[in-house]
Amino acid sequence: MPEHGRSTVSNEHIYQGNVDPPMSSRTGRNHTVAGDSQRSASAGAGLGRRLLVLAITLVATIGTVPLASAHGGHLYVNGVHLSQSYALIPLVLGAVIAVGSVYLPRLRPSLSGYALHGVLVGLAIAVVGGIAVVQLSPYEWLTAEPVIPRSIHEPLLLLLGGVIMLGSVIGGQIRWPTRPRYAGLGALLGLWVAYPGFSVFGIYTPMNPLGHLIVLSLPVAVGYVLWHDARDVLSAVVADRTARRFGVAVGLLGVVFFLFSAGMATVVPDSGEGLSWAEGFITTLPTLGPLVTWPSVEVWAPSIPFAGMVSVGTLILLAVLGSLLGLNAAVFAHQWGTAAGGASPTTAGAVGLAAPQACCCCGPLLSQLAIVTLGPSAAAPFYLLFADPSSSIGSLFFVASVAILAGTLVNAAGSTANAEPEQCVVPA
């Protein structure tokens, strides 16, 4: 997360030996904000593009691995045949609506007041499609071997977590020596990854208080960083009613998607072996994850039908991810509503803020899309990277999401915090 200082704009601009007349303070400030916004957006968009290219390359590579089938990719509900491919329709349609709405102010300026509404509607439709892709992939006992053997997951997690912690400390001292909180957050995320690997030394247990402390410390550490480095921009966002509502809506959509994509909620429950789903119930039980055992609540409502399970640990995880997604979306809406940078920086800001969020949400969904596009046999190892609870990819996916979303907020603070407050152009 780069450190931002206050940019300065010279009162004189020299071009080919000529001195331009001094510009007003407002013009200078607008150019400063525009430049900061463009740099922040370019950095975010570049990171998002690199992550997306990496994910696509991984999917294409795994498609060449001939392993056993993991999923059928279709389901029968009350005698009606439903295929995963059907869910691609709302997924693609929602994405098209959201992307089209981003460019709506440039294509039809008279309709710019409906742009954020269009983005939100498109995201909602895409989330429905993404949930359908996951729900229409019934879980079975997997016979394929994952790309990364399970026997080396724990040593690998210990190694990766150690590298993240060491890299965070060294990088923090070199790049941000006056902001040790960045190194602290990075070390905590590395400890999150490395914790299951402590079993190599025989000190890992599902009830170890250290695991509870790591999980409980994460929202505190993220909040501390944002309070110090993005407090001004977050205050401006909270004061913007439309941006605030947009952020809350996007955050809730993200939480709902995570609930279904992570298997914590389903409307197509597995019948299982020797299980009776005729009567509803609400029960409490201890469950493992994240990291350690937490008290959880399990619900089954056959009349809907709906089955779900959530623990104290997963509530913390969802709160962190949902809050970061919502805050990023609110900053995006607030930047879109300011007149500081004009049309070009706001569009660039949309790309810069949306690209990292899209990549943070696409991990579990990509595993299901791989099944649809590559076939169950070819996509089995890629699916297991996310579906296997002992997989090292799940932890890396989570800590990368937290780092990218928090870093995007800090980057955005460098431009938005210096902009004069403007009312969002979209009516409340």
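For all residues, glycine too, the Cβ spot is worked out from N, Cα and C.
Taken verbatim from TrEMBL:
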- 1-41: region 'Disordered' (REGION)
- 51-73: transmembrane segment (TRANSMEM)
- 85-104: transmembrane segment (TRANSMEM)
- 116-136: transmembrane segment (TRANSMEM)
- 156-176: transmembrane segment (TRANSMEM)
- 183-204: transmembrane segment (TRANSMEM)
- 210-227: transmembrane segment (TRANSMEM)
- 248-268: transmembrane segment (TRANSMEM)
- 306-327: transmembrane segment (TRANSMEM)
- 393-413: transmembrane segment (TRANSMEM)
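In this chain, the transmembrane segment (116-136) touches the transmembrane segment (248-268); three or more CB pairs sit within less than 8 A of each other, excluding pairs fewer than 6 residues apart.
When Cβ distances are compared across the two stretches, the transmembrane segment (393-413) makes contact with the transmembrane segment (183-204), since 3 or more pairs at least 6 residues apart fall below 8 angstroms.
In this chain, the transmembrane segment (210-227) lies close to the transmembrane segment (306-327): three or more C-beta pairs between them fall below 8 angstroms, excluding pairs fewer than 6 positions apart. Outside the transmembrane segment (156-176), and at least 6 residues removed from its termini, the chain residues within Cβ reach (under 8 Å) are 1-3, 148, 182-187, 189-198, 200, 392, 395-396, 399.
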